[in-house]
Amino acid sequence: MEGTKMNSLSATWDEPISNEVYLSTGGFSTDSGWSTTPKKESSKTSDVKDKDAKFPLDDDSDAPIITLRSCMVGFLVSLFGAAVTQLFIFKPVHLQIQPLFIQILAMLLGRALQLIPGPAWWNPGPFSMKETVFGSITATSASVGAFAVESFAVQELYFNHQTNTLLAFAILLSSQMIGYGWAGLLQPILVYPSQMVYPEVLPSVTLFHSLFSDSSEAKDQLHFFKRAFFAMGSYAIFPTYVAPAIQALSVFCLSLPKIQTVTNLFGGAEPFEGLGFLSISGDWALVGTHGPFYTPRSAQIHHIIAALIAIILFSLAYSNSWYDGGLAQQFPFMTVSLLLQNGKPYPIKKVIKADGTPNEEAIKSLGFPHLTATDVLTQVLSSLAATSAITHINLDPHRLVCEKYGDFPIWGFVAISFVSICLALLASTLSHSGLSVLGLVVAIMVSNALTIALGFLIAITGFSLQALSVVQTIGGLLFPGNALGNMWFTVYGGSTVMQSTHMLKDLKLGQYMHLPQKHVVTSQILGTFIGLFVNYGVMKLLVRTQREALLSPGGNGVFSGFMVAALNSRAICWGIFSRKLFLANQKYGIISLAMIVGFVLPITFFIVHRFFPRLKLNSINIPLLLGSISSNFWGAAAGRFVNILIGLGSQFWARKYKPQWYKKYNYVLSAALDGGAQLTILFFAMVFQGGFGYTIKFPTYFLNPNESIPKDYCFVPPRGN
């Protein structure tokens with residue numbers, strides 16, 4: 001295995017580095033962290049050389065990067081990606097455009113532009129790999145979506161408040177750029193060390209080298225990619241449109257009695273339907289969500305254990321009615337909605353005034369809202385995971401600081417952070433956000449701490465831990481009494497973390513692809529500006545033209561406001577009731593206490609491991625395990641079982657018994673399946689399923705059941721009741 005030489009990217013963190021990466025997903029060292037592996041030199045030269053030997057080291061320094069056509073590719077794909085991302089925020093099923101799809105689109109458009117003759121400033125030759133990377137980073141930056149736009153939609157839909165356009169752009173820009181500033185300043189910790197692998201980026205690197213290399217191996221990879229891409233694109237027509245029932249096949253729902261208990265355990269075709277235990281999914285959109293081809297083995301073991309624990313915990317919580325929110329109260333099994341004591345929806349419009357403050361008379365009349373047991377448990381796990389991640393990074397040996405590249409000056413990132421924070425303070429004050437200056441400063445400090453912790457987790461394991469829940473908790477406890485204020489605390493404390501981690505991934509991609517850092521930063525800032533205008537414009541258009549559908553609980557079949565409704569519900573929950581329900585001695589106080597316990601939990605495991613090393617507690621990554629358990633609450637669960645099987649086949653069987661195939665085709669296959677499925681899903685979503693404002697329904701039959709029936713034929717209560 002070690003003697004195999006590769007001209008194109010195939011393996012990444014194989015032996016011996018891979019062993020350290022896998023240990024780093026959970027372990028600590030007796031010297032300075034979790035792992036017991038010997039320390040490596042921390043100098044940039046030895047570290048980078050050790051890892052980059054797995055990548056092509058040859059570099060065409062004369063290849064064009066920032067050209068008119070690469071900027072045009074970035075601009076056009078950014079318009080498309082940002083518009084589609086924002087459009088699907090207001091669709092019944094949320095669709096996030098994947099980077100691989102954008103990268104393929106950028107490559108195709110670039111190669112089309114190279115066919116147009118012209119002077120050297122227009123057509124300097126074949127569309128280069130670095131031009132493709134530059135254009136695709138621009139487009140992915142635009143396509144991330146700005147969380148603040150959803151907050152504006154909540155204000156317009158539920159509070160009839162329209163933010164001044166200039167102030168809106170100031171808020172959007174500042175919330176995005178603060179995240180970029182943090183990412184730049186944290187590069188020595190989260191980008192430069194070779195152990196910061198970013199598994200999610202690896203298929204993209206493979207794709208670029210396969211598409212642009214002239215080696216015979218790369219040609220084989222490209223041929224394999226094309227076949228897999230078109231095969232998946234053709235197959236995806238069936239689960240997407242023709243036979244959606246194959247998205248979730250459950251023999252238990254088909255054969256067992258039509259009762260809610262069966263649905264809770266085996267259902268998984270829809271969000272919050274059930275836990276999807278042993279459900280078979282034939283839809284790559286569900287199966288490929290957690291990257292089974294590139295997620296490290298140790299992380300996959302954590303995911304498997306987490307899935308089993310989630311089934312046990314959630315079932316116990318609901319059946320035993322923990323926190324008075326389960327079967328005995330006839331509450332739904334899984335939902336994020338606020339509920340009355342009888343399980344009906346809590347009338348949140350009645351308990352809040354137009355300025356975001358509470359209507360005490362209405363609250364006194366209605367009483368406090370209730371949460372389902374599974375929702376409470378999920379928030380507890382999220383709090384534990386987020387704060388334990390902060391402690392975990394200080395116990396891990398891979399918190400190395402390497403020399404900086406120096407391509408983009410450090411003072412530039414300092415300036416971005418400073419100007420963005422000043423802009424945020426000004427915009428927050430002028431917009432009457434309900435968030436004090438102190439609250440904004442605390443939110444920004446929280447975002448910095450979480451960026452370090454969650455960025456580390458993403459870099460090592462590829463798992464993205466959601467920060468919004470714990471940020472809402474902190475904001476509600478420290479600055480209670482205003483739902484709008486809590487929402488803006490979440491924007492600056494949570495969405496900045498998402499922007500930071502996105503930029504960190506792109507900075508690592510630029511490092512892998514030998515793209516100068518200043519060009520990566522330029523492409524991201526360009527994409528951010530394009531995305532802000534498009535996101536805001538699409539939101540304003542839909543809120544104005546589809547207001548009734550967005551306010552309707554079920555939407556109109558084409559558009560739905562369930563995502564902004566959930567944001568509004570959470571903001572009211574934490575902004576209005578934080579000190580009525582979530583203090584230590586109150587009904588849901590365990591959620592707040594979990595944040596404190598989370599800080600201590602990794603230290604406890606560390607100490608026990610010191611005295612009892614044979615227990616192998618160093619193999620447990622606390623934030624990864626807890627975050628993975630909580631993730632079982634969200635989204636459609638039907639794809640998890642097949643995801644586990646594919647992950648076992650890739651990272652355990654193929655890696656060990658078919659190493660040559662694994663090195664050559666594993667990441668190529670991942671890129672092809674993601675790209676092919678995404679292309680088909682996007683086409684049908686736009687043309688047939690309401691993306692352009694109209695629908696063309698496929699005839700109903702047993703593999704395309706009526707909309708009132710889940711695709712897996714599990715029992716659900718009658719819709720609308």
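These residue numbers are counts, starting from 1, taken along the chain as shown.
Heads up, the Cβ atoms here are built off N, Cα and C, so glycines get one too.
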Query = Of 367-388, 477-498, which span is tagged transmembrane segment by TrEMBL?
reply = 477-498
Ask   = Hey, which of 100-122, 166-190, 519-538, 589-612 has the most Cβ-Cβ pairs under 8 Å against the transmembrane segment (437-465)?
value = 166-190
Inquiry  = For the transmembrane segment (235-256), give me same-chain residues lying six or more residues beyond its boundaries with a C-beta closer than 8 angstroms to one of its C-beta atoms, as numbers and ranges.
reply    = 262-263, 265-269, 276-286, 636, 638, 676-677, 680-681, 684, 688-689, 698, 702-705, 710-715
Ask   = Any contact between the transmembrane segment (304-323) and the transmembrane segment (100-122), i.e. 3 or more CB pairs below 8 Å with pairs at least 6 residues apart?
value = no
Key: Folded-back contacts onto the transmembrane segment (477-498), same chain, C-beta under 8 angstroms, at least six residues removed   = 144, 146-148, 151, 154-155, 159, 171, 174-176, 178-179, 182, 352, 355-358, 424, 428, 433-436, 438-440, 442-444, 446-447, 450-451, 454, 467-468, 471, 567-568, 571-572, 574-576, 578-579, 582-583, 592
Query = Sequence-remote contacts (6 or more beyond its ends) of the transmembrane segment (519-538), Cβ cut-off under 8 Å?
reply = 65-66, 71, 74-75, 78-79, 81-83, 85-87, 134-135, 137-146, 149, 152, 168-169, 172-173, 176-177, 180, 184, 408, 412, 503, 506-507, 509-510
Query = Which bits of the chain, at least 6 residues beyond where the transmembrane segment (100-122) starts or stops, bring a Cβ under 8 A of a Cβ in it?
reply = 67-70, 72-74, 76-77, 80-81, 131-132, 135-136, 139-140, 143, 203-204, 207-208, 211, 229, 671, 674-675, 678-679, 682
